[in-house]
Amino acid sequence: MEGDQDLQFLLQGGDLLKVRSQSWKKTRYFKLQDDCKTMWRESKRTFRKKQTFLLDDISVVRHGRQSEGLKKNTEENVEGRCFSIMFKSQRKTLDLIASSEEEAKQWVSSLQKVMFNISNLSHQQKTEHWIYSCLRKADKNDDDKLSESEVKRFLRLINIEVDDDYAEMLFKKCDKSNTGLLSGEEIEHFYDLLTHREEIDVIYGAYAKTTGYMSPQNLLDFLMKEQREEVTLADAHNIIRKFEPDEGAKGKQLLSKDGFLMYLHNADTMVLNPKHKEVYQDMSQPLNHYFISSSHNTYLMEDQLKGPSSTEAYVRALLKGCRCVELDCWDGSDDEPVIYHGHTLTSKILFRDAIQAIKEYAFKTSDYPVILSLENHCSVEQQTVMAHHMNSILGSALITSPLGEGMPSNFPSPEELKGKFLIKGKRLNKLEASFVQDTAAAEDTDVTEEEESNDEDEEQQKKSKKKLKMAKDLSDMVIYCKSVHFHGFEDARKNLGFYEMSSFKEHKAMGLAEESANAYILHNVEKLSRIYPAGSRADSSNYNPVPLWNAGCQIVALNFQTSCSEMDVNQGRFLVNGKSGYVLKPAYMRDLSSEFDPITLTRGDWLKPKTLHVMVISGQQLPKVNKKKSSIVDPLVKVEIYGVQADVAEKETNAIENNGFNPEWNENFQFDVYVPDLALLRFVVKDYDSTSGNEFIGQTSSYFLITAPTLCFHAGYRHVPLLNKNGDLIPSAGLFVHVMVLDAE
């Protein structure tokens with residue numbers, strides 16, 4: 001992008017008005033730093049002269065008064081001058097006002113352009129960019145040369161601790177000019193020594209049989225034997241043409257070691273099968289035949305008792321592929337319903353604003369339907385307002401009558417519902433009677449989620465049920481997801497329509513999944529089930545969703561705002577199938593005659609015993625846990641299997657002392673997997689600490705189904721990108737592993 005006008009605009013920077021409240025609006029100078037990936041701003045506060053944030057940390061840049069802060073704290077006449085920067089983490093949104101509408105558009109378009117270019121850098125470019133920025137930081141006097149002390153500083157910056165003798169040896173090896181300083185080609189030689197990977201030498205050397213290079217036939221042998229890929233000689237020729245950086249070698253149809261490494265770093269050759277980055281499953285099955293990515297109390301940014309509510313929480317969940325969001329609705333002032341966690345100190349947002357945000361971001365990540373789960377505590381009058389807002393904002397995208405002619409007998413498919421919104425909530429009557437009943441309001445005695453989560457016994461619940469009147473306008477919007485109380489599997493089978501669904505508190509659902517797993521599975525063949533966290537989880541912690549998926553539950557709702565292993569599992573479950581938020585359940589979980597039980601594991605089609613071999617070879621550019629310059633990590637890798645009880649397992653490597661830049665483990669593990677359709681694989685990198693719990697460094701780009709029905713991950717030698725706690729990619733960081741799945745003997 002050298003010479004690009006948008007890049008130059010950001011590098012030059014300018015004054016922007018930062019908005020925190022109606023009374024706090026202050027001018028701050030923003031500019032892009034020379035590394036082209038860090039935004040810098042100057043603060044007037046003497047103890048905080050410079051503040052920065054990475055472009056990689058930005059989720060989205062929104063033009064106009066779209067954030068809650070700008071809507072609340074600015075007037076409509078500055079609409080065109082406003083823009084907001086929303087972050088991937090829980091960091092507060094940055095609300096800004098430019099001096100003109102043209103300048104605001106320039107900031108937005110320039111940021112979006114540079115962010116797009118950064119996200120599309122190759123792995124090698126990202127690594128070089130990162131190392132270059134560390135070299136700049138290490139060069140204290142900005143003379144484009146490195147002294148021995150600056151080399152040691154640089155090594156600490158890139159997460160390597162070496163003794164003085166080794167650092168001196170490395171320095172002298174590169175200081176060909178004997179000046180006591182490294183410059184130009186000497187720094188390049190130093191870089192080559194640092195990034196040299198012995199494990200790649202071994203693999204490449206085993207197949208480079210043509211004058212020290214790989215010929216197309218050598219490459220084909222590697223791809224077929226090691227990577228287990230179905231490829232031809234023509235494919236090998238294409239790989240050389242695409243990845244060989246040396247024109248001389250390319251002209252001779254040879255692949256150098258650099259070209260081989262570039263190929264292994266290509267996104268399509270990493271551990272996740274690229275075919276599964278697109279929608280590849282049959283999307284024409286009934287809606288309840290899919291696992292559906294789902295959020296609990298979606299509006300909350302933090303805890304359940306006093307944290308803020310925000311429309312941005314809906315935006316974040318939807319951008320992560322969530323397909324079922326929750327709205328807790330209460331009467332607000334000025335006849336406007338609000339959303340918040342009732343009877344707590346959480347802040348309130350307008351129902352109207354939430355629906356507007358949902359409409360705008362519902363289909364950015366996935367085209368498939370979004371379910372709006374209404375927890376309705378409003379009066380009839382404000383329920384009518386809710387219905388009006390959903391009708392006027394969502395328009396024809398809102399499903400307000402069954403698809404097709406007459407009374408349906410089953411759910412429509414995600415394909416049929418593309419781009420549509422479904423309402424989950426209470427309904428005055430059976431769907432079958434909806435065309436003849438003309439009642440304006442009626443009484444509903446089903447408990448809400450909040451009442452059900454009080455852990456009261458059944459008799460006490462009956463006494464405490466509140467009678468809630470419903471507006472017909474809102475009731476009539478509930479078509480395929482009518483909320484009803486659960487009175488047992490037999491009652492549901494005999495008395496409930498396919499569209500009538502129950503919500504289960506986690507403990508009740510876990511009990512059913514353990515004691516009546518097959519009955520639960522058969523229940524979910526015909527109906528939808530929603531699971532939600534216990535009311536005692538005031539800190540917005542999460543439960544393990546895997547046992548509920550094993551029981552066929554579709555809408556397993558989690559607190560999306562909380563970074564934890566349970567959310568990692570959820571992200572992994574829905575990483576495949578194009579991040580559509582819908583994953584087709586195995587055939588034996590869609591069959592009313594199925595005898596599958598994930599606890600007892602009786603014989604059946606689900607038993608496909610496999611042996612999973614995993615070799616953890618090395619790591620690259622692992623981030624620091626402690627940001628202090630002197631802090632170096634001691635990384636270890638945990639390999640975890642999630643699935644049915646018989647398959648759950650974890651193993652870990654030894655820790656490597658003082659090396660987060662290029663640690664090598666070369667450790668082998670073996671796992672027996674009996675129900676591979678439901679198995680999930682996870683790599684977790686931690687910083688070993690003998691005195692306390694090991695600290696999290698990164699995790700794989702989530703989890704991968706072992707078969708479904710083909711491998712969701714590539715076999716052979718593969719790079720595994722790492723994510724941070726929030727589930728966002730860590731640039732340049734990764735693992736190098738060898739994986740293989742074989743039929744069990």
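Just so you know, glycine gets a Cβ as well, placed from its N, Cα and C.
Caution: TrEMBL annotation is automatic and unverified by curators.
Quantities reported herein were computed from a predicted structural model and do not represent experimental measurements.
The active site feature in TrEMBL is assigned to HIS296 (among others).
According to TrEMBL, the active site annotation covers HIS341 (among others). Every protein chain shown contributes to the tally, and the Cβ of HIS341 (active site) ends up with 23 other Cβ atoms within 10 Å.
According to TrEMBL, the substrate binding site annotation covers LYS424, LYS426, SER503, ARG530.
ASN658 (Ca(2+) 4 binding site): 16 other CB atoms within 10 A of its CB, across all protein chains. Per TrEMBL, Ca(2+) 4 binding site is recorded for ILE632, ASP634, ASN658.
Sequence annotations record features per position, and here TrEMBL assigns domain 'PH' to 9-116.
Per TrEMBL, domain 'EF-hand' is recorded for 126-161 (among others). For the domain 'EF-hand' (126-161), the model gives a mean pLDDT of 77.
The domain 'EF-hand' feature in TrEMBL is assigned to 162-197 (among others). The residues of the domain 'EF-hand' (162-197), classed with DSSP into helix (H, G, I), strand (E, B) and coil, number 22 helix, 1 strand, 13 coil.
Annotated domain 'PI-PLC Y-box' per TrEMBL: 474-590, in sequence order.
What TrEMBL records for 593-724 is domain 'C2'.
Cβ environment of SER177 (O-linked glycosylation site): SER183, GLU186 lie under 8 Å away, each six or more residues apart in the same chain. The annotation O-linked glycosylation site is assigned in TrEMBL to SER177 (among others).
If you look up TrEMBL, you'll see THR179 (among others) marked as O-linked glycosylation site. The local packing around THR179 (O-linked glycosylation site), expressed as other Cβ atoms within 10 Å of its Cβ over all shown chains, amounts to 11.
What TrEMBL lists as region 'Disordered' is 439-467.
Its Cβ placed at the centre, HIS296 (active site) has 27 other Cβ atoms within 10 Å. Taking a C-beta cut-off of under 8 angstroms and a sequence separation of 6 or more, ARG530 (substrate binding site) has the following same-chain neighbours: SER294, CYS324, SER373, LYS424, MET501, SER502, SER503, PHE504, CYS553, GLN554, ILE555, VAL556, ALA557. Contacts of ASP634 (Ca(2+) 4 binding site) defined by a Cβ separation under 8 A and a same-chain sequence distance of 6+ are given as ALA655, ILE656, GLU657, ASN658, ASN659, ASP687, TYR688, ASP689, in order along the sequence. Closest to HIS341 (active site) in space, going by CA atoms and restricting to the recorded positions THR179, HIS296, LYS426, is HIS296. In this structure, LYS426 is the one among the binding-site residues LYS424, LYS426 with the smallest number of other Cβ atoms inside 10 Å of its Cβ. Spacing of HIS296 (active site) relative to ILE632 (Ca(2+) 4 binding site) is 38 Å (Cα to Cα, whole number).
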